[in-house]
Amino acid sequence: MIQTQATRTARQELTEVIILAKARKDLSFAQIVDGTGLSEAFVTAALLGQHPLPESAAKVVGDKLDLDADQVALLQSMPVRGSFFDGVPSDPTIYRFYEMMSVYGTTLKALVHEKFGDGIISAINFKLDIKKVEDPDGGHRAVITLDGKYLPTKPF
């Protein structure tokens, strides 16, 4: 039976074990994900404590990272989600996403409502993808796709 977590502690500690094993084995997230049948973004989020993994995927990941049976079971548990428990994020990369939502959040809301009506974009029925592309002006650009199902507000 899939279990739920009441605090962040167990999954945070497992994340530390996973990151150390990933580094020790010199694996990329893409290599860890291979064979799970799931997306790189979803499995990475799960490894960072944000999602439970299905049993088959947890076993694949566990084998690659030499996790024990209890750790594989913990990967399947429903975590306490979210990473902004300490207020405004201080990590520069995460902060830039926070900043993007601070600057463009109201714009996204206005455009979603104008195009779809009153409602939300689901982060549950959701896909995330990130691609590295060449910038014609030199360097690289990140193309990030957030693909969520629109859920209209229903009067009651």
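Using the three backbone atoms N, Cα and C, a Cβ is placed for every residue, glycine included.
Over in Swiss-Prot, the protein carries these features:
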| type | residues | note |
| --- | --- | --- |
| ACT_SITE | Arg96 | active site |
| ACT_SITE | Glu99 | active site |
| ACT_SITE | Ser122 | active site |
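Other C-beta atoms found within 10 angstroms of the C-beta of Ser122 (active site) number 12, with every protein chain shown included. In the three-state DSSP scheme, Ser122 (active site) is classed as strand. When the alpha carbons of Ser122 (active site) and Arg96 (active site) are compared, the span between them is 22 angstrom.
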